[in-house]
Amino acid sequence: MSASPTLVARTGSFFHRYANPGRFLKLGARLQPWLTWPAIILTLTGLGWGLFFSPADWQQGDSVRIMYIHVPAAMLASGGYAGLAVCAVLSLVWRHPLADLAAVEIGPVGACITALCLATGSLWGKPMWGTWWVWDARLTSVLVLFFLYLGHITLIRAFDDPQRGYRAAAILALAGAVDLPIIKFSVQWWNTLHQPDSITLTGAPTMSSSMLWPLALSTLGISLGFAALVLARTRAAVMESRIQALLSSPRRNQGTAA
Amino acid sequence: MTRKTRRLWLVIACVACLGTAATLVLRAFSSDIVFFVTPSQVAASPPPKDRTVKLGGMVVAGSVHRERHGETPVATFDVTDGQAAVSVHYEGILPDLFREGQSVVAIGTANSAHDFTASEVLAKHDETYMPKEVAEALKKSGKWDPRFGPPPSAASWNSMTVQDARKDMTAPAAAPAPAQTTTQPAP
């Protein structure tokens, strides 16, 4: 306990260095091309390799190629929500203004990628399992994640005073983070129709390396693309708020009145 | 304790409480969250005949009998979890992935502890992704029979198939024997 106040203060000052909008915009402008271009190149390479050049699965045939979109989408659906939860802690504890702006921008991107994960999963399930949808633990917990995203998007924009919206949405994001371990471990804790993970931190992947490489490339590419989108949207939001501040500043109002 | 530290502990405490609550709820409803029951569970306590059950397990090799009653295909097969087996009767088209040794989920009602009538059969595939050529090579060399369980670990595929390919290439050069005999590995 004796060390924690200094640690809290230090963490706060580290993050607050980038709370300055000018510094954030400068850093963001430099970072943006390093995210955008590798994202485009890696995604196109990974998807092209996966969709056209990787081998077909011995029992799933060509349907296995949905994996190269479905798996990165699923990882980012969870990853994006983890990002929301981190923003929520930064917002609730340190009142970090950029964390709130980032949370506003992560929501729609995350919801889209979760929808993509659900849609591709459904398209994959029909030919392989024989059904578009089942209420097993994995599928249901991801659907809950989608609704959490929708709730967050709505809540953060629901108040006239944005600060109240930020607070409420941060609490929702933290509470909803309980769903993330449920999604991750649902296939181990309960028997599900969805198969367990092929790629784990502890074990060797149960996948041929000729499929693993394109999957790794497209996952990296789509992750960078997610980050690039969120960064671009957050930069735009910061610029927008600056312009709003300029437009509503008293000096300008005097100028137009005169 | 500064206000920020207090807020941090408050957030940690709330998340911990919520996590505990979620864990307890999930533990309590664990038996309802599972998507299917296993054949040994059905054998141990057969569910009531009017209740829809999802039965999951592996199709026993050699147990599949397909017939046609007029236009409708009828299939009978055994589903096992390694401890008990239940015989499943199903009228309709089986999914493409259905095969001996495949995991399936049969949705229907249990007539008795060892007899099940399915209204729907779903195929469940495992987490292994293997190119067709590798599967063919493993099957041909006798190192894996999909009807009797999961394939060997992915790390061994390359070395196994490369060894076989080398054997195939060198064997005919050393002794021009018929192709069939060279592909049979020494036990």
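Cβ coordinates come from backbone N, Cα and C, glycine included.
In TrEMBL, annotation is done automatically, which means it is predicted and not curated.
Now, the feature entries from TrEMBL:
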- B:His125, B:Tyr129: heme binding site (BINDING)
- B:170-187: compositional bias 'Low complexity' (COMPBIAS)
- B:142-187: region 'Disordered' (REGION)
- B:1-7: topological domain 'Cytoplasmic' (TOPO_DOM)
- B:29-187: topological domain 'Extracellular' (TOPO_DOM)
Take the topological domain 'Cytoplasmic' (B:1-7) and count its residues per DSSP category (helix H/G/I, strand E/B, coil), listing them in that order.
5 helix, 0 strand, 2 coil
So, in DSSP terms, is B:His125 (heme binding site) helix, strand, or coil?
coil
Just counting, how many other CB atoms are there within 10 A of the CB of B:His125 (heme binding site)?
18
Average the pLDDT scores across the topological domain 'Cytoplasmic' (B:1-7) and report the rounded value.
83
Quick test of the contact rule: Cβ under 8 Å, at least six residues beyond the ends. What residues does that give for the topological domain 'Cytoplasmic' (B:1-7)?
none
Cβ neighbour count within 10 Å of B:Tyr129 (heme binding site):
25
